[in-house]
Every structure is written in structure tokens, then in C-alpha cells.
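Asks: Following this message is one structure expressed as C-alpha cells.
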Amino acid sequence: MPKRTDIQKIMVIGSGPIIIGQAAEFDYAGTQACLSLKEEGYEVVLVNSNPATIMTDKEIADKVYIEPITLEFVTRILRKEGPDALLPTLGGQTGLNMAMELSKNGILDELGVELLGTKLSAIDQAEDRDLFKQLMEELEQPIPESEIVNTVEEAVAFAATIGYPVIVRPAFTLGGTGGGMCANEKELREITENGLKLSPVTQCLIERSIAGFKEIEYEVMRDSADNALVVCNMENFDPVGIHTGDSIVFAPAQTMSDYENQMLRDASLSIIRALKIEGGCNVQLALDPNSFKYYVIEVNPRVSRSSALASKATGYPIAKLAAKIAVGLTLDEVINPVTGSTYAMFEPALDYVVAKIPRFPFDKFEKGERRLGTQMKATGEVMAIGRNIEESLLKACRSLEIGVHHNEIPELAAVSDDALIEKVVKAQDDRLFYVSEAIRRGYTPEEIAELTKIDIFYLDKLLHIFEIEQELGAHPQDLEVLKTAKLNGFSDRKIAELWGTTDDQVRQLRLENKIVPVYKMVDTCAAEFDSETPYFYSTYGWENESIRSDKESVLVLGSGPIRIGQGVEFDYATVHSVKAIQAAGYEAIIMNSNPETVSTDFSVSDKLYFEPLTFEDVMNVIDLEQPKGVIVQFGGQTAINLAEPLAKAGVTILGTQVADLDRAEDRDLFEQALKELDIPQPPGQTATNEEEAALAARKIGFPVLVRPSYVLGGRAMEIVENEEDLRSYMRTAVKASPDHPVLVDSYIVGQECEVDAISDGKDVLIPGIMEHIERAGVHSGDSMAVYPPQTLSQKVQETIADYTKRLAIGLHCLGMMNIQFVIKDEKVYVIEVNPRASRTVPFLSKVTNIPMAQVATKLILGQSLSELGYQNGLYPESTRVHIKAPVFSFTKLAKVDSLLGPEMKSTGEVMGSDATLEKALYKAFEASYLHLPTFGNVVFTIADDAKEEALNLARRFQNIGYGILATEGTAAFFASHGLQAQPVGKIGDDDKDIPSFVRKGRIQAIINTVGTKRTADEDGEQIRRSAIEHGVPLFTALDTANAMLKVLESRSFVTEAI
């Protein structure tokens, strides 16, 4: 059927900020879909609140609205734009839920807007647990016995009839939020109570646990002519019971017989046909390893994390084709863009194995609950491609960037057998490494399979890896063993370790004996047809398929898996850099390991290498491609850390040179540079041990800020008030960098702001100054930032511009740099300089209309700012006010304290823009899901040093009609200043403490600050946790609460008697 001509204008809803469970895969899907619709000649209107994505770039859609994805704003845009149709299936759960809400409120009918792709009835049938159950019964597809409950008592009664363990799944939540496995009634009560609160329709499904079955996924496509196909099946290494987003996954599935595959394939296709889904869909199934019994677990009627993985694993562009199907095209009339000759009706065939391993945030959250279950906890993932399981698994391990280069963590050798087996049985994020250690200790695959329900096939592969380790150890320098190890994915570094030599010597030995990788193409058809995709992976075998072109090339290093502190913003800069390289006439090559992102879409660059970002893997590509140089400044800390070893190996680093990168990162060199340039910084010293640190702090005076050098995202950074806290920090945190010293700085409480600058070595362009709403001490990634600045005097802004120019020229910066300042009493101090693209690049690029990463790349390749038409100095500021606000994923991470401090905790960001500060703030709060009703109660529980300031806020809340509650000390302070607050107990006051008030819905906001003491109060932590779990707005910085007040005051009227 040809495409529809009765619709011209289509609105696409994006997925909003990045949170755990909904990450960059939707940026990738949404970007693909918008471009695919434009390609067919439709006018595309996009709504998304996330500035950090490629999707919200002007050229992706005809009109881009960076506005909150809420009923109020989406309706407003629908009325203004009047589209013919709405495509909600590419915006993750956010897009789907928004479509449901628009429909339920009658907006779609009123405006005559048609839903494309998946009908509402199908979304309902797949998402509503009751309707799903009915449909499966009609199709005679088996599902675990289950019951829908709306109260805790109903859940307990049903569990009594089927027996424990049971699984709780709240309806309409994302990434398993609020769900979990319950072994007994106590756990069931706790999880169901929380689940009912988090479900927008207050319902949960209680089902028999099928933990221990194999978890298999099918990624399927269907069009309006009822053509349907399987793009790819995937098998979880971990059995059912661990969220698929937190599982190691292999594609294609490895342990199923042909009969089982056909059985599950037929089930998946019959489900997508019954739901009449037009587009992509993901079916999750559980297969009994001991019989042909299976259950359908769930269906996602939309593009999902798994479809991004399936797209990258097969090269089959699901989102692009889903968009074409949504406008009426069928699979037998669309050409598969990979081969350029076959139709999209051909099911992909793979002649390689893909491994995906999730990336968890527990290196940032040491206190976090690491046990894995049905609720997702990973922030990102890596993918690796190989010719066998061993190769793809080991390549994926070294892609993770958690300090391992093999499937082993050396410290585990010291763990006792009992502790080891406990970690093997109770899965945590690092279970793979414990299982591998158990095999090294001689536990058999049979024993481990019995304990873990992991298929013995995979455990045999881990055993094979261990056998190769023993071979290597027994035969140093043996070329045959070396070849075997390389065929199975071993890194040079691991081989060097076993041989007691250096990585470099192993590399030399390989090169001398021509043991080098070949690069194979990902072509969707197992090389049956000719293919034109320049998408490659390395393996040690025959016939290299990646042919070097005659054109001069530039290699750009990506930023690897998404984690806290290094998010999609760096991918954004990478993609823009590639555009500029191509515009300058070079061939652009990307190397990256993250399957979720736009940079690993093969249509972005001239060549894509899907490889780990390690020195060895990068050098192999450089040896083959011989690029003009490598650009490292857009790949975050991942790429910057590779600059030095690459330069030592004789590779040309384009942009700021390694010696200058060092001057910005190395404390003593940096201090030296600032002295020479006559720029003040807070007084500080370096220390290599506890005594030195104590001495330094006495000299500088408390409070001090302590942190290791060379880290991203403020890892292990703390503000300490006294010597005892400092000593305890030195004992617990210095692990963070054994051969790097710790920095001890005077902690200045002042106004913080940051600048991104672009320099060509002579001139410096400063697109804008961003002012932080939270005072110094909150990590810049967790602060709300405002552009243009609202409170900085002209003099301060001029000083900032002057210091920025001096630093850029003085540090010989070529390309991007980011500088953070703190201002106290009109005096400007430099806190830190990062000689690379920072996480504010996409935000600032969008609000100033300067494509910063592209400009920086052009300068790196030799053009000057004046040639590109930019002035030296501060760019004229915008007339509108723009705010970047952080978004957190605390609901997913039990036991992580939500108190903001110098260590970064946010996973994503949103933007709010309007004519005034108050309106922009309102949008930013709405977009980041911080919604305050116009009346209700606010609780204050405040540290002594901030009571004075809090009193002023409480008065303002009272003036606009809020009730004020406060804990004992705070209430007494308020009363002594003439403000009566209703006293409320902290913790353990039966039903009069804050958590129980929160549970009863009597509190609308909590304002809680703590002193800077290291023994942060346990009570405070429980109060903050209860706010997070019940979705009550929580402010741990008074500045944020003050910003919220500005919004409320601007939206309310004051009523006073005359």
C-alpha cells in the first residue's frame, strides 16, 4: 500500500529526560523516525523536553518544541499546530502515557487528531494487565497465573492461594518501577503498597513467580497489510527474575532448539497480529529449560531498549521502518537501507554473536542496593560483536569502563568461598565476575547451573576462557596459544599479565607475527547479498572487509556507555563533530561501544567501528585506517584518558595537545598556570596521605572541599567541616586514586557559574555564561542553570569573559573548553577547567543557536573563528530566559540518599524557556516532574546554619496560603521569630512523624537541609526516602525552594484585609 496522502502534518512525542529505564535509545529512535517521515515528505512537529539530544536539533523536524511533556503544554502545542496525526510509539513510556492521557481527556477527538502506528486499544491491551490477560487467553497463549489487585489485602489473599514466591508488577510504569519479587507476606505488603502508589491507575498484577526459566525476547515488526517478521531474537544470560534491562543479553539466542525457536516465534507473531500493531513490538517470553513449556511475560507495543539493541545488533533500522509503516507503507515496498538492494521483508540473518552488558551506577552510589530484581537499575549498556561467545563477552567486559579488562575483578581472589557463593546465588550487578571467579576456583558448570539457573552452555564458555588463561600461563610467548587467546577475545593486557610482561611487548609480538584483527561488516544478511553499510566489528580471522578509502580521514572517539556524570550530552557533541568533519571534506570515522545512541547509527558517519574504547582496540583501527588524526575532546573522560597513551604511540591528537590537557588536569601545573595568568582560585593544597591532608586543612581553615584529581562527575568529592571527618574521608575515599593525590581546597560558599568557550588559539568565542541557582557545593550537573545570568553584575561578567580568554590562550586550548567559577563579594575565583566539551554543550548550543561542537571541530581542522564569522569574546545574549534543570532516578535506586552535594547524582536534564525567569522556572519544574499544587502543607526540617534563611522562605509560603509544618528545633526557631509552625515529629513518632504524614498525603513539599557534618543524620535520610517513594517534591537546597517560590508567587494572588 503506498503511503498516505490524506495526512500532511505529523506530531511526534519524544521521551523527555533520561532516567533509568528510559535512556538514549529513544533519542536514537526518535531521531531516526523524524528524519524518516521528513524523507517521505511529511511536515513533522516534535515535542520533547530534553535539550541534550540530537532529536531536539532544529534540522531533525520542521518545528521543534522543547517544552514540558505534560497535558497542559502538549495540548497547547496541538491547538497551535493543528497536526493531522500523532505518533506516540517512539517516545518510550512517556510518549505512550501522554497519548493515553490526551485520548482520555478527549483532546484527540476534539481536535480530530489520529493516532498512528499503534491503536490506543492495542496500547491498552498490552499495558493494562487485565486486558492483556484476556487477550492471551483468547489466543491460547500461556501466561503465569495472576490476579489484578487494587489493595494490599487483595494481594495477600491471592498469594495465599498460589503460594510464594510471587512477582508484583504495577500497571503503566516504566522499567519495572515499584515492582519486585516477594518471598513472603511481609515483603508482599511492603512492595504492593509502594507499587499501588506508583501506578497511575492504582493497580498491580500479582503473579506466580517463574524465576529460573530462560528469558527470551523477540523483536517483531508488522505492517498494515499484516506482513510480519522477526527482526531478531535475544536470550538473557540471567534467567527470569532479573529485569531484561539489567541482564546480560546475547543475540541471536544461543541455547534454544529449532523447535523451541519456531514455537516462540509463532507465539510472538500471533501476538503482534492480534494486537494489530503497525510498527515495532517487543515480546518477552519465559521458557522452561526442562520441557517445551513457555509463558508470555509481557509485550511492549512500541520501540524499546531492546529494539535499539536489535537494530544495532542486526543493522536492521527498526525505528526508521516503524515510522514508514505508520504512514501506510508496507514492508514489501520499503528497501532495507543496509543492503540497498533487498526489501525490508527479509528477516535479518546473523553470522556473528552480539553481547550486551548493562552499565550500573554503583561506582557512584556505594550505599545503593545492588541486588538485582524486576526493577531496572542500570543507567546504560555496552554492546560487543564477535565470532563466538567468548570473544563478544570479553570485548563487552572491557567496554564497560569499570576498571576491568577481562571477565575478572582481581580483588575477588581474596573473597571467602561462602561469601563468593552467596554473591553467585543472589544476583548483583557484578555477578558475572563472581561466577567467573567460582569457575577459576574449580566449581563445575553443573554446580553453578544448579545454584543460579544460568544455562550450562554459558558456564561452559566461562570455563573455556579459564582453560585458555591456564594455557597462556603455562606457555609464555607461545604464538599458537596467543592466536587461540585472541580468537576468543582476550586483551593484550590480560595476556601480558599471564606472561608477566607488558601490554606493549604483547602488541609488538603480535605485529611482528601478523596476528592482527580483521574487520567484518554488519550487513543484516550473513553476507548473502552485497551490502553497502560501512559498519564494522573486529575479530581474529580471515578476510578483512573494511577497505581503506583514498580520502583523508579523521577518527572521533565516542564516550562509551551512559553513566551518571557522562550522559547523552557527549554523544550529541560526537555526532555534531562528525558533521563538521564531513563538511570539511574528510572521511569521518566513529568508534564507540554504546548501542543506544545516535553516534552508533551507521548512517551518521562514513565508517562506524563498534568496538571497546581501549588503547589496544583504538590502535588496531588506527593501524588499519591511518587517519590524519584523532579527536578526543567530545568523548568525555573516556576519550580524554586515551589521549596520552595514543600520543605516546605516535598518534596525532587533533585539538588541545596532551601537555596542555595535563596542565588543566594536574593540580600543581594548573596552579602554576593560574599564577602566571594572574587569575585567583580558592586557596588549596595537595596531599598524598592522611597527615598531609590534616596539615593542609589546618593551614587553609575549615570547611574544606576534598577530592581526588582526574575524575568526572565529582566522584568521591566531599565537603568536610572538621579534622575528624577529614581523617575518616582520607581512610575511606583515597582508594579512588592510589597514585593520584587528593586535593584539599578552601570551600567558598558563593554564587557558582560556568562557561563553555571555543578557541582557535588566537581568538576565544564565549557563547554564554550560565548561572547556577544552587550555591557552590552542589555539583554543576545537579544544579539548575540559568542563561542569560540574572544576578551577575556587568563587572563580574566582564571579569569572567576576561579570565576565560586568558585561560583559553594561556592553556593553548584548541577547540572546546569548560570553566567553572565561584563568585563571592564581587570577586571571581576559578574552581576548575576542563579542556574538552562539557555536558552543557547541547543546552547552550540550542539557546544561542551556535552549533558549538561543529564550530570547535572546524577550528581543530584549521579554520579560524573570524573565517567562520564569529567575534572574539562574549556572544550577545538571548532575550528569552532558558533554564536547564536536572532529573534524578532515585525511585529506582533504593538506599541512595537524595541529598545533593559535590558528587553528581542526576541521570538526565530538561529545559524550560520563556520570556521571564518565573515562567521559564515553572516550565523547568513541570518538565522535571516537580509539580507543586497551589495550596497545602510544606514541612521544614533545617540545619542550624540555614534557619535564618529558611524563616524568610516559610513566611513567603505562608503569605500565599500554604500551611507550615516544622520539626522541633526548626519550629522553636520560627516561633521565636513570630512564625507559628505546626510541630511534627522527625522519625519514630508513631503516626505523627513526617513519613506517616507523607503516607497519608498530608504533605505537599519537604524542605530539608543538613549541616556539612559527615555523619549526615539518619533521620533526614529516612525523611528524604519517604518523599522520593511517595513522589512528594523534596528540596535539599534552599536556593531551589526559593526558585519554586518565585514561580508560585508569580502564579498566585495575595489576599489581604484592608
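Using the three backbone atoms N, Cα and C, a Cβ is placed for every residue, glycine included.
So Swiss-Prot says this about it:
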- 1-401: region 'Carboxyphosphate synthetic domain' (REGION)
- 133-327: domain 'ATP-grasp 1' (DOMAIN)
- Gln284, Glu298: Mg(2+) 1 binding site (BINDING)
- 402-546: region 'Oligomerization domain' (REGION)
- 547-929: region 'Carbamoyl phosphate synthetic domain' (REGION)
- 671-861: domain 'ATP-grasp 2' (DOMAIN)
- Arg707, Ser746, Ile748, Glu752, Gly777, Val778, His779, Ser780, Gln820, Glu832: ATP 2 binding site (BINDING)
- Gln820, Glu832: Mg(2+) 3 binding site (BINDING)
- 930-1058: region 'Allosteric domain' (REGION)
Asks: Determine, using Cα-Cα distances only, which of these binding-site residues is closest to Arg707 (ATP 2 binding site): Gln284, Glu298, Glu832.
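Replies: Among Gln284, Glu298, Glu832, Glu832.
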Asks: Around the C-beta of Arg707 (ATP 2 binding site), how many further C-beta atoms are within 10 angstroms, looking at every protein chain?
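Replies: 23, counting other Cβ atoms within 10 Å of Arg707 (ATP 2 binding site).
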Asks: With every protein chain in view, how many other Cβ atoms are within 10 Å of the Cβ of Glu832 (Mg(2+) 3 binding site)?
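Replies: The answer is 17.
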Asks: Could you state the whole-number distance in Å separating the C-alpha atoms of Glu832 (Mg(2+) 3 binding site) and Gln820 (ATP 2 binding site)?
Replies: 5
Asks: Based on the record's binding annotation for ATP 2 (Arg707, Ser746, Ile748, Glu752, Gly777, Val778, His779, Ser780, Gln820, Glu832), what whole-number value in Å is the widest Cα to Cα distance?
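Replies: Binding-site diameter by Cα atoms for ATP 2: 18 Å.
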Asks: Using a 10 Å radius around its CB, how many other CB atoms surround Ile748 (ATP 2 binding site)?
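Replies: There are 21 of them.
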Asks: Could you list the residues of the same chain, at least six apart in sequence, whose Cβ is under 8 A from the Cβ of Gln820 (ATP 2 binding site)?
Replies: Glu752, Cys753, Glu754, Ser780, Val830, Ile831, Glu832, Val833
Asks: Closest to Gln284 (Mg(2+) 1 binding site): which of the binding-site residues Ile748, Gly777, His779, going by Cα position?
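Replies: Nearest by Cα distance to Gln284 (Mg(2+) 1 binding site): His779.
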Asks: Give me the Cα-Cα distance between His779 (ATP 2 binding site) and Glu298 (Mg(2+) 1 binding site), rounded to a whole Å.
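Replies: One finds 39 Å between the Cα atoms of these residues.
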Asks: Between Gly777 (ATP 2 binding site) and Glu298 (Mg(2+) 1 binding site), how many Å separate their Cα atoms?
Replies: 44
Asks: Give me the DSSP three-state residue breakdown of the region 'Allosteric domain' (930-1058), ordered helix, strand, coil.
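Replies: Within the region 'Allosteric domain' (930-1058) the tally stands at 60 helix, 21 strand, 48 coil.
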Asks: Please list, for the region 'Oligomerization domain' (402-546), how many residues fall into helix, strand and coil according to DSSP.
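Replies: Helix (H, G, I), strand (E, B), coil: 78 helix, 11 strand, 56 coil.
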Asks: Give, as a single whole number between 0 and 100, the mean pLDDT over the region 'Allosteric domain' (930-1058).
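Replies: Result for the region 'Allosteric domain' (930-1058): average pLDDT 85.
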Asks: Measuring Cα to Cα, tell me the gap between Glu298 (Mg(2+) 1 binding site) and Ile748 (ATP 2 binding site) in whole angstrom.
Replies: 52
Asks: On the three-state reduction of DSSP, what should I expect for Gln820 (ATP 2 binding site)?
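Replies: DSSP call for Gln820 (ATP 2 binding site): strand.
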